[in-house]
4 protein chains.
Amino acid sequence: MSHNTFGHLFRVTTWGESHGPMIGCVVDGCPPLIPLTEADIQSYLDKRKPGQSKFTTQRREADEVRIVSGVMVDEDGIQKTTGTPISLIIENTDQRSKDYSEIKERYRPGHADFTYDAKYGIRDYRGGGRSSARETAMRVAAGAVARKVVPGLLVRGALVQVGPHRINRDNWDWEEVNNNPFFCPDKEAAVLFADYLDGIRKAGSSVGAVIEVVAEGVPVGLGAPIYGKLDQEIASGLMSINAVKGVEIGNGFEAAALTGEENADEMRLSGNGHPVFLSNNAGGVLGGISSGEPVVARFAVKPTSSILTPKKSITRGGEEVDVMTKGRHDPCVGIRAVPVGEAMVACTIADHYLRHRGQVGG
Amino acid sequence: MSHNTFGHLFRVTTWGESHGPMIGCVVDGCPPLIPLTEADIQSYLDKRKPGQSKFTTQRREADEVRIVSGVMVDEDGIQKTTGTPISLIIENTDQRSKDYSEIKERYRPGHADFTYDAKYGIRDYRGGGRSSARETAMRVAAGAVARKVVPGLLVRGALVQVGPHRINRDNWDWEEVNNNPFFCPDKEAAVLFADYLDGIRKAGSSVGAVIEVVAEGVPVGLGAPIYGKLDQEIASGLMSINAVKGVEIGNGFEAAALTGEENADEMRLSGNGHPVFLSNNAGGVLGGISSGEPVVARFAVKPTSSILTPKKSITRGGEEVDVMTKGRHDPCVGIRAVPVGEAMVACTIADHYLRHRGQVGG
Amino acid sequence: MSHNTFGHLFRVTTWGESHGPMIGCVVDGCPPLIPLTEADIQSYLDKRKPGQSKFTTQRREADEVRIVSGVMVDEDGIQKTTGTPISLIIENTDQRSKDYSEIKERYRPGHADFTYDAKYGIRDYRGGGRSSARETAMRVAAGAVARKVVPGLLVRGALVQVGPHRINRDNWDWEEVNNNPFFCPDKEAAVLFADYLDGIRKAGSSVGAVIEVVAEGVPVGLGAPIYGKLDQEIASGLMSINAVKGVEIGNGFEAAALTGEENADEMRLSGNGHPVFLSNNAGGVLGGISSGEPVVARFAVKPTSSILTPKKSITRGGEEVDVMTKGRHDPCVGIRAVPVGEAMVACTIADHYLRHRGQVGG
Amino acid sequence: MSHNTFGHLFRVTTWGESHGPMIGCVVDGCPPLIPLTEADIQSYLDKRKPGQSKFTTQRREADEVRIVSGVMVDEDGIQKTTGTPISLIIENTDQRSKDYSEIKERYRPGHADFTYDAKYGIRDYRGGGRSSARETAMRVAAGAVARKVVPGLLVRGALVQVGPHRINRDNWDWEEVNNNPFFCPDKEAAVLFADYLDGIRKAGSSVGAVIEVVAEGVPVGLGAPIYGKLDQEIASGLMSINAVKGVEIGNGFEAAALTGEENADEMRLSGNGHPVFLSNNAGGVLGGISSGEPVVARFAVKPTSSILTPKKSITRGGEEVDVMTKGRHDPCVGIRAVPVGEAMVACTIADHYLRHRGQVGG
C-alpha cells in the first residue's frame, strides 16, 4: 500500500503538516556504509528553501534538517549509514499565528480543501495542512540520500518553460542553472522569465511551468517490467508532486506526431566495442528498462490556485462565496519544484538500482 | 514490490509471453458477489483483438478468455465472484512457426531487445516475448472485472491524435467511437485518420498517437495522498503500457502556459445544494483526490519501432548490422491502446474505491 | 497487500479451488538463467501427492505441473528462467461429480465453511473450494523453484510427532525420511506411527502432528529487521499452511523454561578462523538475521476436522444439525504437510536472499 | 517490502536506536475522526516503561510520547485523527554516557551483535542500537492507536509462565493482572513468580516466559486467505518481537496430540438465533478468518542473553574472548513483552478490520 510511502527497496515515508511542530521522513532500506551527514542533505534543501528570491514565497523557514537515526560514526570518525531506517526531521519555525477562521470555512478553488474534507470529514486547514507543498522538503532530503546510493549517478533539473515562454535548447548550459533564481539553463531565457514573473507577481497572479530532469550515469538494466517500469515509476513519482498535471519521458507527447523512422534511436558500437545509441529520443528507457543513455523526464506544473483575484467557491457549511487567497505564495511553484523533481527521479533510480541488484545480482 | 503486479486492494498480476502456450492474469482482492461471466470480459477483449481492420496487425488471435478460478454459480444460477483470486487465461493460437534465428541475434532498434538482454542475460525473442504488447490483453480482461467493482462507473477512451492530425473537440461524439476502426470520436477526423494511416501502412512506416480516457461516475474522495494520489497512479498505470511516453491529467501540459485565473475551476452549489464545479481544468482530481468531476487522462504513444526501413543496430554478439523489422505489425499501436488505457484507468479507480472504503468506510 | 501472495522479491501468488478446472501459481522475481524444468518441480509434488499410501487421502490426482511462462531454452538446449514471471499450472483431474447439496448447506465444524460464508456471503463448497489443502500443491511447486535460487541451500522436513507419539531424536537419520510414508526420521517411531495411524484411520478419526524443517546452507546475514525478520517470516509462512496452529524456532517454547545460561549459544573460532557456534539453541537466527547455523523451525498441525463422528453444527439457513464429514480425507494431514513446510521455508529464504542482495549487495 | 514497517491498510513504520536522540514511529492509514490524545497512548506506554519494579531493567526512561502530526482539534475542541500519517516521537533521556569500547568489539552471545555486523558491516553497539527492545515502545504506542480503530475491541495480555512455573488457569482473573508487576492473572502464581524471579535476579541470571494475549470483540470475517490469514499475521507480529521463539493460536502445539473428536469446536444457535461455538480450541480463527470467538495467541520469550556468567565468544577482530554482559537488564524480558504482545495483536486486528472493510464493505 502506498499512502505516504514510495519506493520498495529504497523506501521513503513522509509525515507532517504545514503548520504542525515539525515535518519528517523515514528512509528505509538504504544500504549500509554510505557516508552521510546533515550537510550532505542541507545543500539540497537550501535549493528548495522558500524566500530565496522575490519569485518564491516569503515564508521564512530555516529548513534545518536533523538526522535522528540510522547513522553511526565509524572508527575513522566518518558518519555512515548503518542499514537501519534513517529518520530525518525539520522543525517548522515560521507558522505565523494568525486567524484561520476564514480559510477554515471557505474552500479555496483549485486547492485540495474541498476534496480533503469530502474524503476525511476533517481537514487541517492551517497552511494547507498535509496537502501543503511543505511536504516536498522531505522528498528533497530523501533524494539527497538516494543520490549517494548509486555510484556515479548525477541528477540535475532545469526550468524549461514559464507560462508561454520556453527556453532555447541550443542555449542549454548546466552552469547557468545556478546563476539565476529559476534554475534556468538558458541565460537569455532567464532574463525573460524574470521580467515576465515580475509582472505576474505584482498582479497577484500565478503561472504554470515545465521542468526537465536529466539523470546521467544510470546503469543499463534498471527497471522491472511489466508494472515496475523505470519510466512508469518516474512518472508516478513526478506526478505525486503537488500541482503536477503531466509527465513525459524522452520525446514524450511529441513522439505522437512522429513516424517510426523519425523517432528511431539507432545503435552502433563505440570505439572500444560498447553499444552506443546515436540519439536518445526514448529518454534513456526501452521497454521500461534503462538503456544506459541519460534518463530524461519532463513534468508540467499548473499555476498555483492562490491568486488575488476573487473566484467563486463554496463554504464548508454549504454557502456560495467568493474567495481570494491572501498570504505568502509562490507566483510560480514550478521554480521550487525543480529540486523536488530531481529528488523524485533520484529516489526512483536508487530504488531500482537496489531492486535490480536483488533480482539479478551484481 | 511491483514487477508484474499493479494495484493494492484490487490487484492484478499478469504473466505470459507472446509465443508461449498461453497468457494470463490473476485478479486478487475483487469483492465477492459480483456477477461475472466470460462474456462480460470477452466484449472488451474483442475491442483490442488484432486483425479487426487493415490498420492493426494481421496476427489472428481468437483471444478467448477462460475464467478458471474465483467464481461460483449461486442458488439463482448466476455466476458470481467469491472474493478469492480470479484467474484468467487466454491460449495463444497464432504463434507461427518460423525461423527466429535472425531476430534472436539482432537487436531491433527502439524495441526492448537490447535492454532485456542487458538486464537478464537471456531473452525470449519470439515475438518480443514478455515485452510484447500481447500482454496488454490481460489488462483489458482485468479492466472488465474492475468496471464492475465501482457502481455507476463509466470509463471510455478515444483516439484524439494520429501523427500530426488531431480531432476537432467540438465534434466529439462518443457514439462515433464505435463507428470507425480508430475509436475516433470525431467523424470527420476518422476519415482523415483512415487516409493518413493507409499511406503509413503502405509505406511500411508507423506513427504515434494520443489517446484520451474519461471516467465518469467516479465517487468524490478517492485517492490516497501523498504517494497514492489518484492521478499519480493513473499516470503510473498508463505509463506502464507499451510504447507510452507521456501522460497528462486535465489540462496537462497546457496548464504550464496558463495563469491561475485561466486555470481555476470555480465552484457553486447546484439546484439541490450539492457542490458543483463550473469547469474541469483539473481533470477530476484535486490534491490527488477525486472531486466528483469526470477524471480525464491523456497519454502519448510513440510510433512502433517495427518499420520496413533498415536502421542501424548491433547484434547480440557485438557486430554492427542494419535491421529491418519484418512481420505483422500495427502501423499505429495507439489504436489498440485505447481499450488498454481504459482498462488501466478502470483498474486504478477500482483499487482506490476499495482502499477508500477500507480507510474511511462507507 | 497479501491476500494470495507471499514474498517480496521472490514472490508467489496462488489461485484456484479444489474442484475448479485447474490450480496454479505465478512465481515472480525469480532471477534469470536458472535451469528449470517440469521434472525439477514434479519430484517435490510427488512427495505431497495424495493417495501415496493408505495414510493419506485416496483422492487420485496426477498433479502434473506445466510451466507455461517464464522459461526459455538457451543456445545449449538448456531450459532456463528468464527473469519474467513463471506461471505454473496443475489440472484438477479427480473432481468426482457428486451431490454437493448436503455440504452446501451444512457447516462442517472446524472447517472454514462458516467463516468463508460469514466473510464473503458466498462460498465454493465443492471440496472446500479455496480453503482446501489442494492449494498447497502450488506452494510445493513454488518451493521447488526457490530451492534453486540460493546456491548450496538444502531444506529438509520430517514428521517428529503424531498424536501423542514423538520420535526419539537420538535416532534421527535423514535417510529414513524416504523409507516410510510419514517422512519420519526415526525408523522405530515410523513403525509406531504406522500402527497408531492405522487405528485412527479405521476409527474414522484423525490426529494432529508436529513437523520439523531444517534449512542448511543458509548464508549468514539474511533477514531484514525489524519487521522482516527471517524467523518472523518463516513463522508467517508456516502459519499460513492449512491447519497449522503453532510455530517455533530453535528451542521454541522450551526456551521459556530455560535460564540464560542454559539457552546461550557460545561462539569460538574454527580451525581456519571462522566464527562457529558451539550450539544452536537459537535455531539459526539472532535478532531476526541468519547466523550461518542451520535454520530450525517446527510447526504443529491440528487434527483434521473431517471425522466420521457426528458433531453439532448449524446450517447456512440457520438450523441446528449434526454433521459427519464423509469423503476421502487424510487421517493425519501433518504427513503431507512435510513437503509443504519445506516449501514455505525455502521460499522465505530465497526471498530474503534476494532482498539481502538488494540492500547490501554481494 | 517490510523492513521496518508492518501492516497494510493500518501501517506502522518504526525508527530509532536505543541510544540515539529519540525513537519514533509513523502510523499511516488510520481512519479519520478518531479522538486521540497523548494521554490515550501514554497509559499503555507506562505499562511497558522500564524501572517499574525490581524485576525489570533499572534504566530510567520517562517514555513521554509526543504526537507531532496527523491530528487536529475539531470545532468541539476534541483532538481527532485526520486520516493523514500520525507521527509519534519519544525522546531518549537515559542514554548514560559510558565507555562502549568493550561492547563495541565483543559480540555478546545470543545477541544480534554478530549477525548485524555480518549483515551490514557496521553496527550501532550503544545499548544494542536498533536491535534493542527499546524499539518496542513504539509498537505499544501504535497499538494504542490501533485499539481505537475497531469498535468494541478489547485486547489484554497476561504472563502465564515464567521459567518452569506456569499459572493455574482455573485461577485466571483479569483483575489480578494489574495487581502485580508481572501482569500475572493468577494471584497465587504471582507470589511464586516474585520469589523465583528474585533468585534469578540476584544470581545475575535470566529466564524465559510465555505470554498469552486474548482479543475480544473481534468481528467475524476478518482475515484474508490464503497468505494474509489473521492467525498468520498475528504470528508474524508476535514473532517479530525481540527474543520471541514460538507462537501458537488456540490449542497450539497441544492440538498435535489431540484427535479430531477432542479438538472439534461444535456449533449451535444462541437464544436469539445467532451462531455460537461451544468451545474455542481454534482460538477464534478458522481457515485464517475470525470466527467471532475471542482470538487467543501465546508466545514464548527466551531468557535474555545478558547474564553475569561469562560465556565464550569472539571479537569483531577475530579473537576468542569470554563475555559477561554487565549493565542494566531485565531478568525476564517476558514481563515487559506483555504490553508489546497486546500491541502487535491490536495492530494486526485493526489492519484486517480495514482490509476487510475495503474488500467486502460494511
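If you go along the chain as it appears here, the first residue is 1 and each next one adds 1.
In case you wondered, yes, glycine gets a Cβ from its N, Cα and C as well.
Unlike curated entries, TrEMBL annotations are predicted automatically.
Here's what TrEMBL has on this protein:
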type    : residues                                                                                       : note
BINDING : A:R48, A:K54                                                                                   : NADP(+) binding site
BINDING : A:R130, A:S131, A:S132, A:N242, A:A243, A:G287, A:K302, A:P303, A:T304, A:S305, A:S306, A:R328 : FMN binding site
Around the Cβ of A:K302 (FMN binding site), the count of other Cβ atoms that are within 10 Å: 30
Fewest other Cβ within 10 angstroms of its own Cβ, chosen from the binding-site residues A:R48, A:K54, A:R130: A:K54
Intrachain C-beta neighbours of A:S132 (FMN binding site), sequence separation six or more, cut-off 8 angstroms: A:E17, A:S18, A:N242
Pairwise CA distance, A:A243 (FMN binding site) versus A:K54 (NADP(+) binding site), rounded so that it is a whole Å: 21
Pairwise Cα distance for A:S306 (FMN binding site)/A:K54 (NADP(+) binding site) [Å, integer]: 16
Chain-internal residues near A:T304 (FMN binding site), provided their CB is under 8 angstroms and they sit 6+ positions away: A:G110, A:S206, A:A243, A:H329, A:D330, A:P331, A:C332, A:V333
Secondary structure at A:A243 (FMN binding site), reduced by DSSP to three states: coil
DSSP state at A:R130 (FMN binding site), helix/strand/coil: helix
Between A:R130 (FMN binding site) and A:R48 (NADP(+) binding site), the C-alpha gap once rounded to whole angstrom: 18
Sites among the binding-site residues A:K54, A:R130, A:S132, A:A243, A:K302 close to chain D [C-beta, under 8 Å]: A:R130
Separation of alpha carbons, A:R48 (NADP(+) binding site) and A:K302 (FMN binding site) (Å): 18
List of the binding-site residues A:K54, A:R130, A:S132, A:K302, A:T304 facing chain B, defined by a Cβ pair under 8 Å: A:R130, A:K302, A:T304
A:K54 (NADP(+) binding site): secondary structure state under DSSP, collapsed to three categories: coil
C-beta crowding around A:A243 (FMN binding site), within 10 angstroms: 22
Neighbour tally for A:S306 (FMN binding site), based on other Cβ positions within 10 Å of its Cβ: 23
